[in-house]
Amino acid sequence: MTCASCSNAITHALSELPNVSEVAVNLLGNSATLVVSAPEVVPTVVSTIEDIGYEAEVVSVEPIQIAPPARTASTSREHDGRHRVELSVDGMTCASCSNTVTSLLSDIPGVSEVVVNLLGKSATAVVESRDLVPQLVETINDAGYEAEVVSLRSLEASETHPVEHAGPRTVSLRVHGMFCPHCPGKIMASLKNFGSDIEIQKPLTSHSDPILTMTYTPAPPTLNIRSIIRAIERASDEKAPFTATIHKPLSLEDRARYMQRREQRNLLLRLVFSVVVAIPTFIIGIVFMSLVPSGNATRMWFEEPIWSGNASRAEWALFILATPIMFYSAGMFHRRCLKELYALWRRGSRVPVWKRFVRFGSMNMLVSTGVTVAYFASIALLALAASQSPSTSGHGDTTTYFDSVVFLTMFLLAGRFLEAYSKGRTADAITALGKLRPTSALLVVPATASQSNSELSRSTSSNTDAYHRDIEKGDAASAEEHNYASKPGTKVERIDAELLEVGDIVRVLNGASPPADGTIVAGDGGAFDESSLTGESRLVKKQVGDKVFLGTINKAGVVDIRVDEIGGQTMLDHVVKVVREGQTRRAPIERLADLITGYFVPVVTLLAIITWVVWLGLGFGGALPPDYLDIEAGGWAVWSLEFAIAVFVVACPCGIGLAAPTALLVGSGLAAKYGILARGGGEAFQEAAQLDIIVFDKTGTLTEGGDPKVTDADVVGDAADELGLSKENVLGIAMEIEEASSHPLATAIRGYCEQNGAASHTVSSVEEIPGRGLKAFFSPLGCTAIIGNEAWMEEHQARVDGRLAGLLHTWKNDGKSVVLLAAQRQTADSSANFSVLAVFAVADPVRPEAKKVISKLQQQGLGTWMISGDNAMTAKAVAKSVGIPETNVIAEVLPHQKAEKVQWLQQVGMKRPQRGLARLFGRSRLNDRCIVAMVGDGINDAPALTAADVGIAIGSGSDVAISSASFILVSSNLKSLLTLSDLSRTVFNRVKFNFFWASIYNIIALPIAAGVIYPAGHARLPPVWASLAMALS
């Protein structure tokens, strides 16, 4: 894939396949992802891509979600349900290619949500059945591209059954050292010793296929990946030992880099050959035919007719030079052009006939057509000259375009090579994040296990040997590894990081990165640089019990950590996944590019034909002066043809197709660098660039929310005495009820009660009402208790006397949240009132950066609002402290009401005023409503995050909030909002500038190539210089 046309072609091809949907083709990443109903569809997807002229290879096929436990039902559901398939698509070069793929895939019944990524050389789609995957591949292959399934994930299973991180683990091993048919049997026999603890997914059946795949549940120390590898290695002979290593298929990013390097290499070889041929072509066709005097002996020798008729020696030489250029250097353009035409007109194509005439081709077709017309027109002229009688002057005919074929191809290849090199150099956040993974780990093991661990694969053993040699030489770091142990009787062993299991203890030295996510269990404490994940430059202090993450760097003392997450479940893996998904989500402005590039080639083809016909008609009709005809042979037909060739060659849809993807790819990479994950991709960037209002949740967003404290409490003695409850009993009731809630306020009250001697009680039942509070029945005490906000008390007619009302008023004025506890004695008369037993004031400190961030956003013209479920007085006090006007505070709302308020703001909110040039040139938006962003962190914010145009989740928030967001602030620092605001506007402005430049180039270049300025002094753009202009564009 070389341009947006390629990625669109693949998207279209895959979308046509039945049971394929959600196709996403990534041009820069040379990949595609899509959803299929069953894995059996995957070969069809690959063949579809290959049929349209590209090369595709399956990277991975995965169920989208984990199915229920029952194996039979799981298999059936996974086979029949909706799937998301991801494809790697090779051969896309421009926007026309991606449009073609998009169109082909979208036309397949059962395929939806097709997304083709031209830069990522990938495509994704959703299919109704995995049986459609082979058809997707076949459709893309039929269109001349090469497709391969990367992953296939089921969409049917429920998200409520997450993967247990310490549960079953599926791994693939590559076994080295097998040399005969008996070797696989030895290895499989060695694994039988583990019994049913290991389930073989792909056995070893031949020594030529060394990949073994299995599933097991780690049970250290007897069963883990290291013990499995040891069992395999012990099955070998000493003379021919087996070695096993973790086998991981190439990632999409690795495959994209490979494709880009291969494309650059192919282009460079053809470019070098073209340059070599261009040197004699320039000497013969330009120097001796135009620059030296006509009486020069060498020029006269080249002008002599030879072999046949009036064809000069120079023309035959140029024909010989141009022919390998035509069929080798330009051959890649011709092959792709023919595959595109075949895919369009093949039998069984679902594209309507009329549509085949108005949407076809790519940059390959334009280049191929221009070069082909110039070459075969020159052959026709050469044949015409060869059939004529030799000239009496002794000079042959010299009017051909063979030199143009050489220079044209050379400049086109140079432009294509520069484009491929630029795309390969585009910042890739995923590649940068992947480099953060350490390759080895220091495993803390019992002294008796050290020897057995050293028997692992040779790569691991070599690392261990080097480690021991370092100790013998007195290497300081190695000595530190050796001497520092979490407990007596342990040693340190350096192993491959991929051989770690959940629960392993590993040592992290000063300056090293944890090999996995984990919890510090021993050491003097550390300070970790987490800037690679969060963008926060300040060191984060850690102590025993704190979490540390893969990709961060220990900047202090040595620590031991317990591995908690491995194999795709680490924070770094989640970041990579979010960034990758975001890059497949396209901005609305990209659809405009798809529309333009889809019709670009037909329009240019029509324009070239019209140009030739008009000039030809004017010439034969006598409307042109005789001095216009400045060629020696061929007449008006050949003279007019030169304008048409220039039109074909100068046109360039690549800039239009790459305008948005390149800017958005760089933007998502920069965002990740500063701790912002663009989960919503291009669409989120475009919406964020046009924001009018930002709405903040209070608790956990404007306030720190992580560890609120009870600052004031009052137990109402009279009410407690009436119910026969002591202070300890009252606090015990509050503590037991709050055990049922994970809300930060509940955590604070629970901690306060524990510290103040709360009595233990048995609660019979607890009911939680979102946005209100909890209700519980204590059968031993014979009472029903409620705890929550004032509205919850009013619903149960719990009266607040004047003293308590004054106390609550004071606390709320100080910006504190208030929680009330009331109880009702269970008697024969169920109409007994609830009595308030205690009131609590919980303080949640405002984030220190909140006021400055709010001020900066207001200076940018953004409206700032706050939505909270807390009481109005507390909410307004917090809003006042951070600079949000009291009129912009919406308080005492339930979770579902937050979404309704966001929708209300979208309709009635004030739009941001236009400033500077935007006031003069800014166009009106498609809709009249406000663009609203919601910033939140909790489960109760998820509906509002979904309802907002841009949902922004605080990274420390709940998984539900994060899954509902367009952007995720990993650092949980509100300053990231300023970065996001600036970056989104910069990215979107860059996209518009790219579109402007690409459009202006074509708007100016095409008329000039067509000859509109020729009457002014016979100024024209010859095909050679047209190709140079296209290359430089």
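Every residue number used here counts from 1 along the chain in the order it is shown.
Keep in mind that glycine also has a Cβ here, set from the backbone N, Cα and C atoms.
Annotated domain 'HMA' per TrEMBL: 1-57, 83-148, in sequence order. According to TrEMBL, the feature transmembrane segment maps to 267-292, 316-333, 365-386, 398-418, 595-618, 638-666, 995-1016.
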Would the transmembrane segment (398-418) count as touching the transmembrane segment (267-292), i.e. at least 3 C-beta pairs under 8 angstroms with sequence separation of 6+? yes
Considering only Cβ pairs under 8 Å, which range in 316-333, 365-386, 398-418, 595-618 makes the most contacts with the transmembrane segment (638-666)? 595-618
Under 8 Å between C-beta atoms and at least six residues away from its ends: which parts of the chain pack against the transmembrane segment (398-418)? 2, 93, 264, 267-268, 270-271, 274-275, 277-278, 281-282, 284-286, 289, 303, 312, 314-315, 318-319, 321-322, 325-326, 329-330, 333, 367, 370-371, 374-375, 377-378, 381-382, 631-634, 638, 642, 645, 649, 1022-1024, 1027-1028, 1030-1033
Tertiary contacts of the transmembrane segment (316-333) (same chain, 6+ residues out, Cβ under 8 Å): 266, 270-271, 273-274, 277, 280-281, 284-285, 302, 306-307, 364, 367-368, 371-372, 375, 378-379, 382, 400, 402-403, 405-406, 409-410, 412-413
Can you tell me the mean pLDDT for the domain 'HMA' (83-148)? 83
